[in-house]
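Enquirer: Feature list, courtesy of Swiss-Prot:
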{"type": "ACT_SITE", "residues": "S175", "note": "active site"}
{"type": "ACT_SITE", "residues": "D362", "note": "active site"}
{"type": "ACT_SITE", "residues": "H415", "note": "active site"}
{"type": "DISULFID", "residues": "C243-C257", "note": "disulfide bond"}
{"type": "DISULFID", "residues": "C281-C293", "note": "disulfide bond"}
{"type": "CARBOHYD", "residues": "N101", "note": "N-linked glycosylation site"}
{"type": "CARBOHYD", "residues": "N307", "note": "N-linked glycosylation site"}
{"type": "CARBOHYD", "residues": "N346", "note": "N-linked glycosylation site"}
{"type": "CARBOHYD", "residues": "N378", "note": "N-linked glycosylation site"}
{"type": "SIGNAL", "residues": "1-21", "note": "signal peptide"}
Amino acid sequence: MSLILKFMLLILLVSSHHVRSGSIVKFLPGFKGPLPFELETGYIGIGEEENVQFFYYFIKSDKNPQEDPLIIWLNGGPGCSCLSGLFFENGPLALKNKVYNGSVPSLVSTTYSWTKTANIIFLDQPVGSGFSYSKTPIERTSDTSEVKKIHEFLQKWLIKHPQFLSNPFYVVGDSYSGMIVPALVHEISKGNYICCNPPINLQGYVLGNPITHIEFEQNFRIPYAHGMSLISDELYESLKRICKGNYFSVDPSNKKCLKLVEEYHKCTDNINSHHTLIANCDDSNTQHISPDCYYYPYHLVECWANNESVREALHVDKGSIGEWIRDHRGIPYKSDIRSSIPYHMNNSINGYRSLIFSGDHDITMPFQATQAWIKSLNYSIIDDWRPWMIKGQIAGYTRTYSNKMTFATVKGGGHTAEYLPEESSIMFQRWISGQPL
């Protein structure tokens, strides 16, 4: 299709859709002075009636917004607000960790933002997470439904921002978004062949500690626990012999296996499954979380986002949501993608680049599980297992495959990039710029 025809189609799309304009945010409560980066917030309506209103934060690259990659960031959950990514993992701002005193929590600049080299759309999805809302009662959604909604969001967002149509585009996320991101890449790839959609310059995707096939992956928690000296050799050998590798969907008649799995849980239930070296404090109720807990900033972000001056600064629609919840697990949701491995296979066939990384202290999604499904894709190795370095020190290990997929561990990392944001940022910046890790 010629560029002129594409431009004409884009004009027709703009004229046939009512798309709300985003708002430029120059100041945020809690941050001293004007923001040192360009921030836009806004809503994109989804569906014919646009009852679903997806809220986004868009931050331009510090380097060269006109040419740097454009990425969309999706947090996991499902139901976790993208502010978790922006404030805790890869954004230019973070919350100052001090005891809440009733005033607006303070924000500080970070040194590890991925916006150093990329334009990032942080998206609250599914509807009900963060500031995204529905004009009608929220209906049950699903993995496949969200994939289509996010694709529609991107098409409409690019109608509003046609200057980014030519930028290299990547889909990025972690944890549960491991089910969404590969399917979204596949959906975008298909959509690019339809004449009446604005083409998206899709180049690849990035996933951190992704859930890919939970029934398969959770069986790697016991080998991981043994490798980390959390269970004894004797218990591990008995588990292997009696359970035969199936530890979490055990036949009720296999009483011996059930008993052994119970012993495993006695050894590990009081360990922080997202990072084995961090104290296991209760973060389930953020309103009563202890200031000594590593996750105390989760309370601070809820205090910040529930402040009326913050909502006004972000141009949140008044009355659109009640209490802002960082990780909203009450959203009606069906996990209808059992495994995202077939999507990884299709994306590899279509030639898209990918970076899959794992913090090596995560029990929830052990790095061995990720290595196993990558191996099942059956691509040859072109750069074998080796350390990747930062300032002369080993930051992790990496391996690259012939399908343009790079796997990397983050030494000392956990379930998300928040545990080692500096190292994760360097890894991302090297990969996105085409450099070897």
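Backbone N, Cα and C atoms are what each Cβ position is placed from, and that goes for glycine too.
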Enquirer: Where the distance is taken from Cα to Cα, which of the recorded positions C281, C293, N307, N346 turns out closest to D362 (active site)?
Expert: C281
Enquirer: Taking only the Cα atoms, work out how far N378 (N-linked glycosylation site) lies from N346 (N-linked glycosylation site), in Å, as a whole number.
Expert: 13
Enquirer: What residues, ordered by sequence, lie under 8 A Cβ-to-Cβ from C243 (disulfide bond) and sit at least six positions away in the same chain?
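Expert: Spatial neighbours, sequence-distant, of C243 (disulfide bond): V250, N254, C257, L260, V261.
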Enquirer: Among the recorded positions N101, C281, C293, N307, N346, H415, which ones place their C-alpha within 10 angstroms of the C-alpha of S175 (active site)?
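Expert: So the list is H415.
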Enquirer: Measure from the Cα of N101 (N-linked glycosylation site) to the Cα of every one of the recorded positions C281, C293, N346, H415, then give the nearest.
Expert: C293
Enquirer: Excluding near sequence neighbours, so keeping only residues 6 or more apart in the same chain, what lies with its CB under 8 A of C293 (disulfide bond)?
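Expert: Correct list: A279, C281, D282, D283.
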Enquirer: Other than its own, how many Cβ atoms are within 10 Å of the Cβ belonging to N346 (N-linked glycosylation site)?
Expert: 16
Enquirer: Count the Cβ atoms, other than its own, that fall within 10 Å of the Cβ of H415 (active site), considering every protein chain shown.
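Expert: Neighbour count, Cβ to Cβ under the 10 Å cut-off: 22.
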Enquirer: Please work out the number of neighbouring Cβ atoms within 10 Å of the Cβ of C281 (disulfide bond), leaving out its own Cβ.
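Expert: Result for C281 (disulfide bond): 13 neighbouring Cβ atoms inside 10 Å.
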Enquirer: Note down the number of other Cβ atoms within 10 Å of the Cβ of S175 (active site), including every protein chain shown.
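Expert: Total other Cβ atoms inside 10 Å, all chains included: 24.
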Enquirer: To the nearest whole angstrom, what is the C-alpha distance linking N346 (N-linked glycosylation site) and N307 (N-linked glycosylation site)?
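Expert: A Cα-Cα distance of 44 Å.
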